[in-house]
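So that you can see what the record holds, here are the features copied from TrEMBL:
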BINDING   Asp7, Ser8, Tyr39, Gly40, Asn71, Thr72, Thr195, His196  substrate binding site
ACT_SITE  Cys70  active site, proton donor/acceptor
ACT_SITE  Cys194  active site, proton donor/acceptor
Amino acid sequence: MAVGIFDSGLGGLTVLEAVQERLPDVAFIYYGDNAHAPYGVRDADDVYDLTTRAVERLWGAGCDLVILACNTASAAALRRMQEKGVPPGKRVLGVFVPLIEALTERQWGDNSPPREVAVKHVALFATPATVSSRAFQRELAFRAVGVDVEAQACGGVVDAIEEGDMILAEALVRSHVDALKRKMPNPEAAILGCTHYPLMQNVFQEALGPDVQVYSQANLVAESLADYLERHPKMRGEGGEGAYLTTGDPRRVSSRATQFLRRPITFTAA
Ligand code: DGL
């Protein structure tokens, strides 16, 4: 047994790296649906179908707990999956809530009514599907009042990263930050609402300027998972073996992953 980490492609590796560092005794099985990335330009039904297939594969591989390390899947599929009901003993969690709790200065599971928080102007960078779901704004509204969110759909960035074209990815990030700043000239905080974007975090920070606090999910999700596993030790999956699975070409995906994480990573066919 292991804990499953799912993303449409390589972005979830930013989360995987943080959870592996935070929880070195836990085995993780990573599943990248690289054959179908990017998810961010697909409709909600399509994202739901692909996400369900991936999560079922991870359950089949012995994972009781699966983390959707993908905002697009968390936004478009998680609630529907949970409402439909998951098999007994299985759990699926998303990556939105830890980020919003950090932004709104809340402890895990603090369900008190929404209140005023320090930040008032927040820039959200995410995929077109995540932006159009408005899931981020919905989760935020449960916890905070008076926060102005300007969302920028960052078309093309995930494709460029998946293709390993970091020059194009950088140019696109700069142009999306410019577009955001035309709508909101002085954000106080910026959310990287796609797990691929931490691979471009320096470019976001540079383009936004040093006064903008950039929130990215990896460490927040790692802390929240550590907390969850302490409260639900059975979900740790003791004694499991880690693995990297992809629906894409394992050689190509292994080579990109090795480049991103700067250590040898070997994917096998999902
Ligand atoms: N890493 C995924 C996310 O967090 C990327 C989605 C995509 O494939 O477009 O949204």
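Here the Cβ of each residue, glycine as well, is placed from N, Cα and C on the backbone.
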For substrate, whose listed binding residues are Asp7, Ser8, Tyr39, Gly40, Asn71, Thr72, Thr195, His196, the greatest C-alpha pairwise distance in Å: 12
Inter-residue Cα distance where the pair is Cys70 (active site, proton donor/acceptor) and Ser8 (substrate binding site), in Å: 7
Long-range Cβ environment of Cys194 (active site, proton donor/acceptor), under 8 Å and at least 6 residues apart: Gly11, Gly40, Asn71, Thr72, Phe125, Ala126, Thr127, Thr130, Cys154, Val157, Val158
CB-centroid shell, 8 A cutoff, substrate site Asp7, Ser8, Tyr39, Gly40, Asn71, Thr72, Thr195, His196, site residues removed: Gly9, Gly11, Gly12, Ala37, Pro38, Cys70, Ala73, Thr127, Thr130, Val158, Cys194
Set of same-chain residues at least 6 away whose C-beta sits under 8 angstroms from Tyr39 (substrate binding site): Ser8, Asp33, Asp46, Val47, Leu50, Thr51, Cys70, Thr72, Ala73, Ala76, Thr127, Ala129
Where Asp7 (substrate binding site) sits in the secondary structure, as DSSP reduces it to three classes: strand
All-chain count of other Cβ atoms within 10 Å of His196 (substrate binding site): 31
